[in-house]
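> Right, I'll just put the structure down here and ask away after.
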Amino acid sequence: MSADLLVSTHSSRKRRTWVLLAHFGWIGLLALAVNLRVGRFGFSPTDQGFILGTSWRLLNGEIPHRDIISARPLGSPLLHTFDFLLPGPLFFMSNLVSMVQIVLLTIGFAALVIRRSLLRWGPLLTGLVAAASVINLHTHGLTAWHTVDGLMLTACGLWAVDAGLHARRTWHYRAGLVLLCLAALTKQSFAPAALIGLLMVLLHPSVRGARRPEGAAWWRHRLIDLLCLAAPGLVYLGVVTIAGGLPDLIAQLTGAHPAYGQRLFELGELPQLPLLLMLAGAVAVIAVRLLVPHIGTPARIVELGALLLFGIFVVRLLVNSELSRAGDWGIQLWWLLVLACVVDAVSRRRLPWRPFIIVLVAWMSSLSWGWDSPTFLGGTMALTALYLLGGDTLRRLGDTLAERGGRAWALSAGALALVIVLLAGLLLADSHDAAPYRDRPQGELVADLGEVDPALTGIRTNINTFTYVQQIDDCIERYPAGRVAVLPDNAFAYPAFGVHNPFPVEWPRPLELVADSRERMLETADRLDREGDYLVLFQTIDAREGLEAGKQVPATVPEDAKIIDYAGLERAIKGRLTGQRISCGSFVGVWSR
């Protein structure tokens, strides 16, 4: 008997290993395929490199908030210091990491909602999650980004807390609490996720149904939970405090312009017909669900028919939206998910709290100055809504087919999953080709930035952006200096070309200028002027709207050409520098040996 048990255990472990390897395999292949087909096409000097530029500063010993002014905690730049360790071109590999993160966050939220171990995922569910990952990317540029980091850490953290509590593995759920604190360190908007994690620890169904420690033991457990939840934040705060940056941290993180996600609730700004159809469909599904106990099978057939109609609605919405950046389609899917939660709550007479967490996290992701639609969770919201609207009928049908269909069903499900992923990929590719992130259409992306610097190898862009980037490199070579700034955008240049920005703000746009940013920028200019050994370049071309619109980059401009000045800061900096006035390509600047 013991021998049979050993054989069974060995077989189970072997199967577990192969299943996990299969998951690692499809995650890696999907991320690589998306990066090769979509992610490497298009380059924005403004946004791409924003996080990596700060990571570069951290690697060179600068302290968050003391040396680097930021409206957000610097959890994302800390996380992406890892990108510099990867073999291969920095920006290509960083894009690959970003796509892996998007797949992981999609898996994490799906596992949380469906409550099924990854080891028990069939090919169809895996394919649906892979397709949702592609939709979650939409037409955002693949690049290191704080919202993606926050969503990934939130998804994996909530998944770990839920699974750990269900399995009664203390280390498991506490690891999830650590991840949730890390999520809050990427962006303040994810701080509520830490509170959600704490509420799960206190109110989770597995906890309520289990024998719990009482008295001092209970308080000791909760204290350890709180320490795990706060640990990354305490370390971050401690390092900054010891370095003397605590007053700066407080001023910067509390001084930014707030975002409330109000666009989600401005229903009058949305197309009205889709909203009315969603509402009517939700009411119909509730009615059908209430009739199931009375008329049985006919009601279940109608329920599946309603699910099919909702599926068609979602597909049409995605296709018509062209997966546009921060588009209304994300808000429409958010409301579809809200209605699906209402349907499930009314028909079951209990709150579907796991899907409702997705509603809350989607709201968190929309707390942004420039990305106020939850499109980063478009695929996840669609999948969760359809899962809820399918109800028990869909789940029973799936289980029955899996049990009775055997190998034939597995092959059919695998083929269907592959088709779904390919269709999602085609939609993404078509949408991206028409409008790459802040770049020209795909047919114009003919220049490889690897010809400028090896760190940019594999990234393709249009001729004008290529010329713009090449001019920055040429200027740095022509006017060597120990400290280099290219204002106001171009954070990518510092890690790409291995130079050091002396100014404390990586991206001096109006909303990023928090606390005493202006004063410290001008103080830095005065210090540079006293010490020398600097090159400060100023754009005469708008690196966002100008290059995206295809504006020609001039070969030369006069030294007194008008510079780009978003916040009235660049002209003041230029006026304080008394070094040699230069003109270099489309840039003007001040140079001091």
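Every residue, even glycine, has its Cβ placed from backbone N, Cα and C.
OK, TrEMBL features for this one:
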- 18-38: transmembrane segment (TRANSMEM)
- 90-114: transmembrane segment (TRANSMEM)
- 121-139: transmembrane segment (TRANSMEM)
- 177-203: transmembrane segment (TRANSMEM)
- 223-246: transmembrane segment (TRANSMEM)
- 273-292: transmembrane segment (TRANSMEM)
- 304-323: transmembrane segment (TRANSMEM)
- 329-346: transmembrane segment (TRANSMEM)
- 377-397: transmembrane segment (TRANSMEM)
- 409-429: transmembrane segment (TRANSMEM)
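Could you tell me the structural context for the features on the list?
Residues 27-28, 30-32, 34-35, 39-40, 48-49, 52, 80, 82-84, 125, 129-130, 132-133, 136-137, 142-145, 148-149, 151-152, 154-156, 158-159, 162-163, 354-355, 357-358, 361, 376-377, 379-380, 383-384, 387, 449, 455-459, 492, 495-496 of the same chain sit 6 or more residues outside the transmembrane segment (90-114) yet have a Cβ under 8 Å from a Cβ within it.
Proximity of distant same-chain residues to the transmembrane segment (121-139), defined by a Cβ-Cβ separation under 8 Å and at least 6 residues beyond the stretch ends, is recorded for 23, 26, 30, 34, 38, 99, 102-103, 105-107, 110, 114, 318, 322-325, 375-380, 382-383, 398, 402, 410, 413-414, 416-418, 420-421, 423-425, 427-428, 431-432, 435-437.
If you look at the transmembrane segment (177-203), the same-chain residues 6 or more away from its ends with a CB under 8 A from one of its CBs are 72-76, 78-79, 146-147, 149-151, 153-154, 156-158, 160-162, 165, 222, 225-226, 228-233, 236, 253, 259, 357, 360-361, 364-365, 367-368.
A Cβ distance under 8 Å defines the sequence-distant neighbours of the transmembrane segment (304-323), meaning residues of its chain 6+ beyond its ends; these are 135, 138-139, 274, 277-278, 281, 284-285, 288, 329, 332-333, 336, 375, 378, 382, 385-386, 389-390, 393-394, 397, 427-428, 430-432, 434-435.
Away from its own ends, the transmembrane segment (329-346) comes close to residues 263-264, 267, 270-271, 274-275, 278-279, 281-282, 285-286, 289, 310, 314, 317-318, 320-321, 323, 352, 355-356, 358-359, 362-363, 366, 373-375, 377-378, 381-382, 384-386, 388-389, 391 of its chain (Cβ-Cβ under 8 Å, at least six residues beyond either end).
Sequence-distant contacts of the transmembrane segment (409-429) (same chain, at least 6 residues past either end, Cβ-Cβ under 8 Å): 30, 33-34, 37-38, 122-124, 126-128, 130-132, 134-135, 137-139, 318-319, 323, 379, 401-402.
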> Which range out of 18-38, 223-246, 377-397 gives the transmembrane segment (273-292) the most CB pairs under 8 Å?
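Between the candidates 18-38, 223-246, 377-397, the best contact partner of the transmembrane segment (273-292) is 377-397.
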> Quickly jot the same-chain residues contacting the transmembrane segment (18-38) by Cβ under 8 Å, restricted to those at least six beyond its ends, or write none.
92, 95-96, 99-100, 103-104, 107, 118-119, 121, 126, 130, 133-134, 137, 142, 421, 425, 428-429, 432
> I need to check the long-range neighbours of the transmembrane segment (377-397): which residues 6 or more away from its ends have a CB within less than 8 Å of a CB in the stretch?
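Residues packing against the transmembrane segment (377-397) from afar: 105-106, 109-110, 113-114, 128-129, 131-136, 138, 151, 285, 289, 300, 303-304, 306-307, 310-311, 314, 318, 323, 329-330, 333-334, 336-337, 339-341, 343-344, 347, 352, 355, 358, 361-362, 365, 424.
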